[in-house]
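The active site feature in Swiss-Prot is assigned to H102, D105. The Mg(2+) 1 binding site feature in Swiss-Prot is assigned to E233, E269, D297, D340. The Mg(2+) 2 binding site annotation in Swiss-Prot covers E269, H272, D308, D310, and the record cites sequence analysis as its basis.
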Amino acid sequence: MSADYFADFQTVRYEGPDSDNDFAYRWYDKDRVILGKRMEDHLRFAVCMWHTFCWPGSDVFGAGTFTRPWLQGPMDARNAAAKREAALAFVEKLDVPFYCFHDVDVMAEAEGIGEFRSSFAEAVDHLEELQGKHGRKLLWGTANLFGHPRYMAGAATNPDPEVFAWGASQVRDALEATHRLGGANYVLWGGREGYDSILNTEIGIEQENFGRFLSLVVDHKHRIGFKGTILIEPKPHEPTKHQYDFDTQTVFGFLKRFGLESEVKVNIEANHATLSGHTFEHELAMARALGILGSIDANRGDHQNGWDTDQFPNSVEELTLAMLELIRAGGFTDGGFNFDAKVRRQSIDAADLFHGHIGGIDTIAHALVKAAALIEDGKLDAFRAERYAGWQGELGRKIHADGTTLADIADIAVARDLAPVRRSGRQEWCENLINRV
């Protein structure tokens, strides 16, 4: 039944920029070689389960508008299986390699920890079968530690250690399932790992517990032999007012505090970056500089709204800047572009799921083409290198040399009567270079 939901749609193929086929790629040519690598291997696209197959089209003002067959009635074993079948069939029709899930996205509803584990185990068995049937792979798995009322005050940072333990059970099973299914990464998004009021919150206790939880996850990864990457997904707020994983730089400081900076990387979401007051490319550049760039959740926010709207990306210009940072970082190792995006509430047809993903995929592919052209042209990177060339000279090396003191550097400035010559940052010229490609 569920796979038939997409029976009227053919597999999406590349037809080139001049195609007028709404169900074809204009820029995503998966076998095109760019900078020595196939486009599919550069981008590693994934479809998410939660927005695409679990969200009913509801919002805080109204009920769901979608009539997906697997959303009719309770989320029992039958509907959960139908949802899984539809999801993997859809990923195959898009001709992208990966999908992503939370545990609760793929399983029947359950009461109690025993029933929860049993229901999830049944789902994992089925997913393993479906991956083989459809030739798709898992980019990453995760556990939903924010949706159930037990997590109203968080999981790892909850005042109640019993909730911490419940969360540990979910993460153990989700991590082991990710390992079994050949997942490339495991993600931790702390949607409620934060607080709403300082009046009832002990920040010190919560951060220690958060660090302990993450350390336990890393330890379990090694115990079971999982070779993928553990990822944290930064977000400044929503649903809590203050979240501890505010942005990439905050996460890195947290990882350093608990000695995990070589064990954990970040999964950066575009909309979360803008909520934190940064641009998407800033967060990618920061992760690159800190050596913790792992994976990307592709979406966009609304410039007029201060919340996480999770729209499909549609700005080639903005994503070209992001792709420059990804290329400079050496590209993905285990990560990829997961579409953490949803069609709008009025987009109720099955075709809309294709339009949203096709548009996002083509936007990112087009941005890759433009970013590669900028890299191959070399002017922008040459200017950046020239701007910082002084740090490769005698004084720059002296400043960083072991044993050099603040007084030593100050004495050089005085002895040489330094009078630095100002040089233009040429920002407008740089912006013009971007617009030429």
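Residue 1 is the first one shown; counting continues down the chain.
Quick reminder: no glycine exception, Cβ is built from N, Cα and C everywhere.
Positions of Swiss-Prot features highlighted on the structure.
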| residue | record | CB count, 10 Å |
| --- | --- | --- |
| H102 | active site | 22 |
| D105 | active site | 24 |
| E233 | Mg(2+) 1 binding site | 21 |
| E269 | Mg(2+) 1 binding site | 27 |
| H272 | Mg(2+) 2 binding site | 29 |
| D297 | Mg(2+) 1 binding site | 24 |
| D308 | Mg(2+) 2 binding site | 19 |
| D310 | Mg(2+) 2 binding site | 22 |
| D340 | Mg(2+) 1 binding site | 25 |
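Taking only the Cα positions, the spacing between D310 (Mg(2+) 2 binding site) and D340 (Mg(2+) 1 binding site) is 7 angstrom. Under DSSP, E233 (Mg(2+) 1 binding site) is assigned to coil, being neither helix nor strand in the three-state scheme. Each residue in K235, A270, N271, L275, D297, N299, G301, T309, D340 lies on the same chain as E269, H272, D308, D310 and has a C-beta within 8 Å of the C-beta centroid of that Mg(2+) 2 site, without being one of the site residues. For the Mg(2+) 1 site, the Cβ centre of E233, E269, D297, D340 serves as reference, and the other residues of the chain with Cβ at most 8 Å from it are W189, N267, I268, A270, N271, H272, I296, A298, N299, N338.
Closest in space to E269 (Mg(2+) 1 binding site), of the recorded positions given as H102, D105, D308, is D308, taking the CA atom of each residue. Each residue contributes its Cα atom, and for D105 (active site) and H272 (Mg(2+) 2 binding site) those atoms are 21 Å apart. Put simply, H102 (active site) is 14 Å from D297 (Mg(2+) 1 binding site) when counted between their Cα atoms. Look at H272 (Mg(2+) 2 binding site): DSSP puts it in a helix. Looking at H102 (active site) and E233 (Mg(2+) 1 binding site), their Cα atoms lie 14 Å from each other.
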